[in-house]
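Working notes, beginning with the structure itself.
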Amino acid sequence: MRVLLAPMEGVLDSLVRELLTEVNDYDLCITEFVRVVDQLLPVKVFHRICPELQNASRTPSGTLVRVQLLGQFPQWLAENAARAVELGSWGVDLNCGCPSKTVNGSGGGATLLKDPELIYQGAKAMREAVPAHLPVSVKVRLGWDSGEKKFEIADAVQQAGATELVVHGRTKEQGYRAEHIDWQAIGEIRQRLNIPVIANGEIWDWQSAQECMAISGCDSVMIGRGALNIPNLSRVVKYNEPRMPWPEVVALLQKYTRLEKQSDTGLYHVARIKQWLSYLRKEYDEATELFQHVRVLNNSPDIARAIQAIDIGKLR
């Protein structure tokens, strides 16, 4: 089976990819989206979102990374897709699933689900702009406010020449509500298409991954939020390994505070450590206590000192 690390805007950036791929066995990471409007973006934009481009499109530990584009105009998606692969990206991905109001308001992400023809035109333009030996993938949801167009959406992706399709098993309107996950619908799409379909949504552990694959028939999954809840989730999902012990999680957080974010204004670690702890609290009781301690801290040095002060030896 393949396990992919999902793109999560404002969460899974290059530093977190570096940390997570060191302790996991991901087959591929997809970047946060590069927003494409009406121009060919400068090289520095791609390098900011995906610094791994300067390392043969791999994280420091060797996991492949693919640049994701978000936009609606085929010409500019094509030109920026070509630039991404020229810079070294291992293929490109088209975002047709992001539910963010800001993104949808500008005509990108899940908005494309309303009109599968836009998905077809965007993916086709990207496919034609990218050398045939490199993959072009598309990430979608089941629809905007219903699943009525799910087959039309899937057909558009395949007919555009995409290499593979990632399906999040909910509509845009359903957001991330657990009760709405529909792995069966993903399976219906998989049966319809000839290209590989990757299942996404509500995969939190080995059992849920097995259930998802059994219901959908997919042999590959993409995980997002769960990868932050359990930092070694790909190994849990692939090999039924136990979740990472809390002392190892703390060591990961300590390393995170030592990594420098390029062009950081001094608030990067403040926001991101608190954000990560809020995910960890769902799996580790110890994270709640640590979160209560750091949530009142408002600058990176204080956050770093608080995390670094934890004696891992006493946790074992």
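Glycine is treated like the rest: Cβ placed from N, Cα and C.
Keep in mind that this is a model prediction, so the values were computed, not measured.
There are 24 other Cβ atoms within 10 Å of the Cβ belonging to C98 (active site, proton donor). Taken from Swiss-Prot, the feature active site, proton donor covers C98, and the record attributes it to sequence analysis.
Residue environment of G201 (FMN binding site) contains 27 other Cβ atoms, counted within 10 Å of its Cβ in all protein chains. Reduced to three states, the DSSP call for G201 (FMN binding site) is coil. Per Swiss-Prot, the feature FMN binding site maps to P7, M8, E9, Q68, K139, N200, G201, E202, G224, R225; the stated evidence is sequence analysis.
Taken from Swiss-Prot, the feature site 'Interacts with tRNA' applies to R35 (among others). In the three-state DSSP scheme, R35 (site 'Interacts with tRNA') falls into the strand class.
According to Swiss-Prot, the feature site 'Interacts with tRNA' maps to N95 (among others). Listed in sequence order, P7, F33, Q68, L69, L70, G108, G109, K139 are the same-chain residues six or more apart from N95 (site 'Interacts with tRNA') with CB atoms under 8 A from its CB.
Annotation source Swiss-Prot lists site 'Interacts with tRNA' at Y176 (among others), citing sequence analysis. A simple way to gauge crowding: the CB of Y176 (site 'Interacts with tRNA') has 13 other CB atoms within 10 angstroms, across all the protein chains here. According to DSSP, Y176 (site 'Interacts with tRNA') sits in a coil region rather than a helix or strand.
Annotation source Swiss-Prot lists site 'Interacts with tRNA' at R272 (among others), citing sequence analysis. Non-local neighbourhood of R272 (site 'Interacts with tRNA'): V16, Y256, each in the same chain, at least six residues away, with C-beta under 8 Å from its C-beta.
Residues or ranges marked as site 'Interacts with tRNA' by Swiss-Prot: K274 (among others). DSSP classifies K274 (site 'Interacts with tRNA') as helix under the three-state reduction. When other Cβ atoms within 10 Å of the Cβ of K274 (site 'Interacts with tRNA') are tallied across all protein chains shown, the result is 14.
Annotated site 'Interacts with tRNA' per Swiss-Prot: Y279 (among others), in sequence order, evidence recorded as sequence analysis. Proximity of Y279 (site 'Interacts with tRNA') to non-local residues of its own chain (separation of 6 or more, Cβ distance below 8 Å) is seen for R225, L228, N229, given in sequence order. In the three-state DSSP scheme, Y279 (site 'Interacts with tRNA') falls into the helix class.
R295 (site 'Interacts with tRNA') falls within neither a helix nor a strand when secondary structure is assigned with DSSP, and so counts as coil. Annotation comment: Swiss-Prot describes R295 (among others) as site 'Interacts with tRNA'.
Taken residue by residue with DSSP, G224 (FMN binding site) is part of neither helix nor strand, so it is coil. Taking Cα separation as the measure, Y176 (site 'Interacts with tRNA') is nearest to G201 of the recorded positions C98, G201, G224, K274, R295. Other C-beta atoms found within 10 angstroms of the C-beta of E9 (FMN binding site) number 18, with every protein chain shown included.
On the backbone, the CA of C98 (active site, proton donor) and the CA of E9 (FMN binding site) stand 9 Å apart. Ranked by Cα separation from E9 (FMN binding site), the recorded sites R35, K274, R295 are led by R35. Rounded to a whole value, the Cα-Cα separation of G201 (FMN binding site) and R35 (site 'Interacts with tRNA') is 23 Å. Taking the Cα atom of each, R35 (site 'Interacts with tRNA') and K274 (site 'Interacts with tRNA') are about 26 angstrom apart.
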